[in-house]
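Novice: The structure's right below; bear with me while I get my questions together.
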Amino acid sequence: MNSENFSLSEKIVSTSYIRQGREARRSHEQLIRHLLEQGKCPEEGWSESTIELFLNELAVMDSNNFLGNCGVGEREGRVASSLVARRHYRLIHGIGRSGDIAAIQPKAAGSSLLNKLTNSVVLDILKLSGVRSVASCFVVPMATGMSLTLCFLTLRHRRPKARYIIWPRIDQKSCFKAMITAGFEPVVVENVLEGDELRTDLEAVERKIEELGAENILCVHSTTSCFAPRVPDRLEELAAVCAKHNIPHIVNNAYGVQSSKCMHLIQQGARVGRIDAFVQSLDKNFMVPVGGAIIAGFDESFIQEISKMYPGRASASPSLDVLITLLALGASGYKKLLSERKEIYLFLAQELKSLASSHRERLLHTPHNPISLAMSLDGLQADSDKAVTQLGSMLFTRQVSGARVIPLGKEQTISGHTFRGFMSHSEAYPCPYLNAASAVGITREDVTLCIKRLDKCLKTLKKEGNAAKNSCGSDRKELNDQWSTPNIDYSCV
């Protein structure tokens, strides 16, 4: 409805009513105008009606929704199912062009505007979350692992002789396979144990650089968010080492946007040294479906170089999902979620510590990890070798998802490289343990229910362990009695 149509409407319905309706629509349009002017996440979240109005306005700007459009090409935004069309708000053309994921599509002005606005709003959120000096970012329709691969492939053009990527160990398959898929040889640097924490071995990193030669190293691939007892890498020190040796530095910040500590490490690393790009997941940080990531950095030209490395057009679904989410939450809503996550982290730590104490275990001391916690399982291991892994399956069948149970001595081979002590980020961590994390969106009810079910599982396993010991003791006594009886016939033995 434009002003002319409103004027015509006044001839049909009372002028005062139409003017009231016009003012109501104008309030929606005012919000959209501010978004277009500023390119930032609105402070207060939008209503669903405003978001849907905005998306419908974008959709009618795409050629597949033109009235009377005649398409004779191979890609004309045709969709067989109306359900699929509605699911995507009829934004069918995707984002980018064959040569650049950030390029404008002549046939899809609305989808192109969606892409540009999403990248701008996400950049604002990264700054709000703690990386104030980030210069550029873009949403890519791939999860974190493949997005890291895209960064490594872009660096290949800058360092064609490089073969190696230095990687402080973190036991997560996708970030390791990202390096292999890009065609590079990961150089695994084992962590050092400091108290209960596993931390970056800076001296080992320096030794590897000297041994391999800086010119043969594509980059250092570091990590922020991770499972305790591993903690975020020493980003400031690694960034300084990279600057000193002129080696690129890529950071896996998978679910670090929700942590002010992880974002502060990235900001400080860029300030004192070198960080070329940092990659984060959309689903883990913004509660949207899996399938998207944000690639960000401090040099706009390098981030544009990465976006141009992406071959072909791309799905707009991740961009659409995160834009809808951030418009609905608003900056204040997202900050509230981050604040609540911090509070529940303290609550989870308190509850785990109390539970651990009641079972003669302990909460591992990992103050440098702002998201994940770990509780020892020494007593469980002593009861039975299988009890630790059994705990994991018991929790899963009791609908406790996300908890990780880490036994001792597990080996895993990934693309020809064997990791001893896999999942523990160390070849020989001192004890088995259980992980739990306070991630964005978690509630106090989640924690309370998890602790209740975990307590019940531990008691059940303890009871079974005691029963097995008693049974074993009875069997042993019976056997001793038999061997001490002189009238037994041993001919069948």
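For all residues, glycine too, the Cβ spot is worked out from N, Cα and C.
Sharing the record's features from TrEMBL:
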type	residues	note
BINDING	Arg75	pyridoxal 5'-phosphate binding site
BINDING	Arg97, Ser98, Gln105, Arg313	substrate binding site
BINDING	Arg271, Arg398, Lys463	tRNA binding site
MOD_RES	Lys284	N6-(pyridoxal phosphate)lysine
Novice: Test of understanding: give the count of other CB atoms lying within 10 angstroms of the CB of the residue listed as 'N6-(pyridoxal phosphate)lysine'.
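Specialist: Around the residue listed as 'N6-(pyridoxal phosphate)lysine', other Cβ atoms within 10 Å: 22.
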Novice: If you take the centroid of the Cβ atoms of Arg97, Ser98, Gln105, Arg313, the listed substrate site, which other residues of that chain have their Cβ within 8 Å of it?
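Specialist: These residues sit around the substrate site: Gly94, Ile95, Gly96, Gly99, Asp100, Ala103, Gly312.
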Novice: Going by a 10 angstroms cut-off between Cβ atoms, which of the binding-site residues Ser98, Gln105 has the sparsest surroundings?
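Specialist: Among the binding-site residues Ser98, Gln105, the lowest count of other Cβ atoms within 10 Å belongs to Ser98.
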Novice: Determine, using Cα-Cα distances only, which of these recorded positions is closest to Arg313 (substrate binding site): Arg75, Arg271, Lys284, Arg398, Lys463.
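Specialist: Closest candidate to Arg313 (substrate binding site), judged by Cα separation, is Arg75.
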Novice: What is the one among the binding-site residues Arg97, Arg271, Arg313, Arg398, Lys463 whose Cβ has the most other Cβ atoms less than or equal to 10 Å away?
Specialist: Arg313
Novice: Can you name the residues of this chain that are 6 or more positions from Arg75 (pyridoxal 5'-phosphate binding site) yet have a C-beta less than 8 Å from its C-beta?
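Specialist: Same-chain residues close to Arg75 (pyridoxal 5'-phosphate binding site) (Cβ under 8 Å, separated by 6 or more) are His93.
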Novice: Please find which two of Arg97, Ser98, Gln105, Arg313 have the most distant C-alpha atoms, given that the record lists them as binding substrate, and give only that distance in angstrom, rounded to a whole number.
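Specialist: Result: 10 Å between the two most distant Cα atoms.
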Novice: Using Cα coordinates, what distance in whole Å links Arg97 (substrate binding site) and the residue listed as 'N6-(pyridoxal phosphate)lysine'?
Specialist: 28
Novice: For Gln105 (substrate binding site) and Arg398 (tRNA binding site), what Cα-Cα distance in Å is obtained after rounding to a whole number?
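Specialist: So the alpha carbons of Gln105 (substrate binding site) and Arg398 (tRNA binding site) sit roughly 49 Å from each other.
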Novice: Max Cα-Cα distance in Å among Arg271, Arg398, Lys463, the residues listed as binding tRNA?
Specialist: 55
